[in-house]
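Visitor: Quick one: the structure is below, questions incoming.
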Amino acid sequence: MGKTIAINAGSSTLKFKLFEMPQERVIAQGAVERIGFKTSPVNIRYGVDHHYQEKAVVADHLAAVNIVLDELIKLRIIDSYDEITGVGHRVVAGGEQFHDSVLITDQVLKQITDLAEYAPLHNPANAVGIRAFKRVLPHVPAVAVFDTAFHASMPAVNYLYSLPYDYYQRYGARKFGAHGTSHRYVAVRAAKLLGRPLETLKLITLHLGAGSSITAIDHGQSLDTSMGFTPLAGITMATRSGDVDPSLVAYLMKKLNISDPDEMLTILNTQSGLLGLAGSADMQELEARYDEDSQAQLAIDIFVNRIVKYVGAYLAELQGADALVITAGIGERDARMRQRIADRLTYFGVAIDPTKNQVSGVERDLSTTDAKIRTLLIPTDEELMIARDVERVAQNQ
């Protein structure tokens, strides 16, 4: 029996969840934020309802790792570093090199760093977190769990763009997708909820949060997904545009006198989506404004419309589905949003019970008794999937 810590390192954050394995019991979870700023909030939740908070000076991720582990000892959550027997790191981009979670070696770390051009906002930060933990826990097995790995099963007909083929061969220009760990987790849970083997099911999973993606899962394998070469593609998101005609991007660069493509990408990634349409990236705020504010209404209606288009396309690709699975922040907490989506899909046999739908963040079958396609609400747990992969990969070495 050991303890496995799942890590999600951002450019200025370090989020963690500590599990007792193989029981999969959550012992503690928390985050260090604003790393490198004057003061950094440190939050740790543990036990039934204990919550530790402080503000510290955290110069870098190495300091953040030391603070987290030292506080776990001070709070008597662990007695020593030796109790941690595995570390799992979320890594956004695995490219074509990584089709599964892997034990992190120096070569693997170099490859993760080299893949930064596929996820410039994420992979460098993920690599920094890996190095920091390697410094503090050098002899503990560390495993990289890639957001893209689940989508490695996509066929070429779905991952290739209609560009000169040598762009794919020379530059890796293809769809990779994202949120794979979340889609994989909720698919596994959906199978349990439906009481059927995952390998017999056709599912469409909707990860609806600040970043949103939709995946068609055919007998346990990712068949297609809405995000593309980067997590910018797909449906409308909090601050990301989703799908846009490339010619429009070139047109706007001329109109805005933008010569640096990174400047245009910043607009598409951080100033677009719900924020660009309605002035707020917060779906809860837009919901509050929906009945009185035409821009909030338009933004939400566009969000729903993009979702419905992808679900419709995936129903055609899959030739039907056993269930829609809704997850992530918006999906888990916004009952009105779930109802809107279901109402637009009644033609396909989707129907949810309004009474069952009045829940937030709990696992439940929301369907009416006569629905042809089940609608499942399943809170995601990417950290648990990471911890499971640490156990699996470390044991197989």
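Here the Cβ of each residue, glycine as well, is placed from N, Cα and C on the backbone.
What Swiss-Prot records for this protein is below:
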| type | residues | note |
| --- | --- | --- |
| ACT_SITE | Asp147 | active site, proton donor/acceptor |
| BINDING | Asn8, Glu382 | Mg(2+) binding site |
| BINDING | Lys15, His207, Leu208, Gly209, Ala210, Gly211 | ATP binding site |
| BINDING | Arg90 | substrate binding site |
| SITE | His179 | site 'Transition state stabilizer' |
| SITE | Arg240 | site 'Transition state stabilizer' |
Visitor: For His207 (ATP binding site), which of the listed recorded positions (Arg90, His179, Arg240) have their CA atom within 10 A of its CA?
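Guide: Correct set: His179.
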Visitor: Tell me, if you would, which residue among Leu208, Ala210 (binding-site residues) has the fewest other CB atoms within 10 Å in the structure shown?
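Guide: With the binding-site residues Leu208, Ala210, fewest surrounding Cβ atoms within 10 Å: Ala210.
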Visitor: Hey, how far is Ala210 (ATP binding site) from Arg90 (substrate binding site), Cα to Cα, in Å?
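Guide: Computed Cα spacing between Ala210 (ATP binding site) and Arg90 (substrate binding site) is 17 Å.
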Visitor: Run through Asn8, Arg90, Arg240 for me and report the recorded positions whose CA is within 10 Å of the CA of Gly211 (ATP binding site), in sequence order.
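Guide: If one measures from the Cα of Gly211 (ATP binding site), the recorded positions that come within 10 Å are Arg240.
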Visitor: Within a 10 Å radius of its Cβ, which of these recorded positions (Arg90, His179, His207, Arg240) has the fewest neighbouring Cβ atoms?
Guide: Arg90
Visitor: Long-range same-chain neighbours of Glu382 (Mg(2+) binding site), Cβ under 8 Å, sequence gap at least 6?
Guide: Ala6, Asn8, Arg90, Thr181, Ser182, Tyr185
Visitor: I'd like to confirm something. Which of the recorded positions, Lys15, Asp147, Leu208, Gly209, Arg240, has a Cα closest to the Cα of His179 (site 'Transition state stabilizer')?
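Guide: Spatially nearest to His179 (site 'Transition state stabilizer') by Cα position is Asp147.
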Visitor: Please give the ATP site's span as the largest CA-CA distance among Lys15, His207, Leu208, Gly209, Ala210, Gly211, to the nearest whole angstrom.
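Guide: Spelled out: the longest distance between any two Cα atoms in Lys15, His207, Leu208, Gly209, Ala210, Gly211 is 20 Å.
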Visitor: What does DSSP assign Gly211 (ATP binding site), in three states?
Guide: coil
Visitor: Let's check the environment of the residue listed as 'active site, proton donor/acceptor': how many other CB atoms sit within 10 Å of its CB?
Guide: 27
Visitor: Between the Cα atoms of Arg240 (site 'Transition state stabilizer') and Gly209 (ATP binding site), find the distance and write it as a whole number of Å.
Guide: 12
Visitor: Across all chains shown, how many C-beta atoms besides its own are within 10 angstroms of the C-beta of Gly209 (ATP binding site)?
Guide: 19
